Amino acid sequence: MTELRQRAVREDAPPEDKESESEAKLDGETASDSESRAETAPPPTSIDDTPEVLNRALSNLSSRWKNWWVRGILTMAMIAFFFIIIYLGPMVLMMIVMCVQIKCFHEIITIGYNVYHSYDLPWFRTLSWYFLLCVNYFFYGETVTDYFFTLVQREEPLRILSKYHRFISFTLYLTGFCMFVLSLVKKHYRLQFYMFGWTHVTLLIVVTQSHLVIHNLFEGMIWFIVPISCVICNDIMAYMFGFFFGRTPLIKLSPKKTWEGFIGGFFATVVFGLLLSYVMSGYRCFVCPVEYNNDTNSFTVDCEPSDLFRLQEYNIPGVIQSLVGWKTMRMYPFQIHSALSTFASLIGPFGGFFASGFKRAFKIKDFANTIPGHGGIMDRFDCQYLMATFVNVYIASFIRGPNPSKLIQQFLTLRPDQQLHIFNTLKSHLTDKGILMSALEEE
């Protein structure tokens, strides 16, 4: 009798309630079914994406050594490409960073699309790329305003875009937000919000951190090259130590990682970071901030190096003196800051472990098959993004000070009466300190 009464109540329920119940049920089935399918799916099979030339040349080797040579050859090719783009200068580097960012975004969004494409979500891919455009417009607009200030103030259209940049950015994002709301359809509400969150988390991880990479680049190419090179060195040396000496598994998320590779990569990266920092600190083109020259309409990297990049003498602790026989040693202060290579080798790999967990959750081996033996672009940059964020925070906390050129640029945009007020205030301050009179006497 109780069951009959409950059935009668359900049958007497309004149509709207019935629809909402069925919709909630379908949403629940959608989420749970997709999760169960992901959990019960077979392990990913390895796809041989090795070029045919290498396949023929390495056909007599075992799969282990074949993978060693494929990874090694492609790694050398990528390092050569890295040297070429460094030679081409900061503008090319900035464009490469943007291209890498777009490719990484594409790889992550494609995974989501492949998982849920059977549900035919409306506008999912279109809105994902639209939000990427909006966020890039915001961040790159901020960068252009900050580092191309004189150029922006000189051109009327750019000045207007700069003045209302944040309002325009917000309007663009709001348009995408409204488009998403209008695209919501019954039976897919929960799934559509899943993908909305997926897109925004991807934007946070990829676009925001690539923007920080560009900021590091403008602080001086050394802040761009050394951190990236340390991560590359750690990847290579950890793989080599693990390949030859690896016996003890490091973490379940990535079974091929070993403690031997982790420790060997750590020491090799620290030594490499110190040596690379010493070499690069002697060149102005690497240590000077990248600035826009209004007269030549180009970037310049010429300056008087700061104390951070001038050789100084340091006393060696007594314990070490007895071992090496030296009382003092000359080194660049930047080499002390190159201890950030410690971060690259101790914390940086956790970016890779995070990516491994993500791939295991979706039963995929790599983000893509862009680079034979390595996977996708995101497989190569999972540690780089974490490193870029750390370097940017490190510079802001311990290195960066007021930038005189930027202050002068802002000063020149003020009204004449405001400029005169600042001039008189500065003159009074320098006179009270005795700095102005001393400068006049020296002249």
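Using N, Cα and C of the backbone, Cβ positions are placed for all residues, glycine too.
Per Swiss-Prot, the annotated phosphoserine among residues Ser32, Ser46 corresponds to Ser32. The phosphoserine entry in Swiss-Prot, when matched to the candidates Ser20, Ser405, corresponds to Ser20. If you compare Thr30, Thr40 in Swiss-Prot, the phosphothreonine annotation sits on Thr30. Beyond the ends of the transmembrane segment (212-232), by six or more residues, the same chain brings 79, 82, 86, 90, 93-94, 97, 143, 147, 269, 272-273, 276-277, 280-281, 285-290, 301, 334, 338, 340-341, 344-345, 348, 383-384, 387-392, 395, 399-400 to within a C-beta distance below 8 angstroms of the stretch. Counting Cβ pairs under 8 Å that are 6 or more residues apart, the transmembrane segment (261-281) and the transmembrane segment (165-185) reach fewer than 3 and are not in contact.
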